[in-house]
């Protein structure tokens, strides 16, 4: 470490939902300070091993594995890896000597936070979802600050005096397009665009529901569907569309690499309820129909979706309801009821926290100046 250099450690991983917010904060701080040494701690099995280096940051690896919810002998291996990871985190933190540790959840963050506590290093916790994960619940008991993305999260943390509602950081590129230019770039200036996204891996039931929906709206020439099916579900989705004879009013893509442009162009979004998706949709004030995934830990996506629904920022359709008329009914309301559309757009904007990264950056500055 150079003289005058300040080190910060970020840790969180497993999924993009834990990693991208940390990267967004790191990017913000890097622009504000020219004397920062930013280091991530993760596992070489999680997505952080790809995402962090792609963004130009150093990453150090420790051993860690997620706890199995049921009683199983595999948890012995989890415990042994945890002990090993804790010791590795201690060695890394002793060497780097960070002024602050910022953890965003996932099983890798717990040994890092505990090591920071042992070394009396200030720790800031960020929770992206309405329902906190197990690691974050434990870390919240001893960290200095608990930053949340949803007001509803506050009730799950006992130390409410440490809780600050900041929102979930989103990448700056999300704000780089205006709606008219984005629509024009897609050749869809005169269309009501319904963007449907089932996550990076796709969602078979959601894909089929959206394709059936596009078939029912074929007579409505103003409405155009764009479906991001997921790489592994792409051929299946195309074949299903062909079997229904759907062609003219839907574009099926395996993956959307330029999501900021497509999201800007969209009038209505149909999406899962992952933390990043919710944050980006609301940051742009998009009315949405949210279909929470039932295949996630603690059913946290449904908590996220209900938090939006509570303030009128979205409609919620459960996975089990996809074959009902609910999805079609909600879409018709958003297309044909302009007053409802405007109200939901306004509620979405109020729910969104486009300034989340700056909010977190200001809290960091308090600790960096100590």
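Cβ atoms are placed via backbone N, Cα and C, with glycine included.
Features of the protein shown, as given by Swiss-Prot:
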{"type": "BINDING", "residues": "15, 16, 17, 129, 171, 200, 256, 301", "note": "UDP-N-acetyl-alpha-D-glucosamine binding site"}
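What Swiss-Prot annotates, mapped onto the structure for a quick look.
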residue: 15; record: UDP-N-acetyl-alpha-D-glucosamine binding site; DSSP (3 states): coil
residue: 129; record: UDP-N-acetyl-alpha-D-glucosamine binding site; DSSP (3 states): coil
residue: 171; record: UDP-N-acetyl-alpha-D-glucosamine binding site; DSSP (3 states): coil
residue: 256; record: UDP-N-acetyl-alpha-D-glucosamine binding site; DSSP (3 states): coil
residue: 301; record: UDP-N-acetyl-alpha-D-glucosamine binding site; DSSP (3 states): helix
Have a look at the binding-site residues (16, 17) and report the one with the fewest Cβ neighbours inside 10 Å.
16
Of 15, 129, 301, the binding-site residues given in the record, which has the fewest other CB atoms within 10 A of its CB?
15
For residue 171 (UDP-N-acetyl-alpha-D-glucosamine binding site), list the number of other Cβ atoms lying within 10 Å of its Cβ atom.
19
Taking all protein chains shown into account, the Cβ-based neighbour count within 10 Å for residue 256 (UDP-N-acetyl-alpha-D-glucosamine binding site) is 17
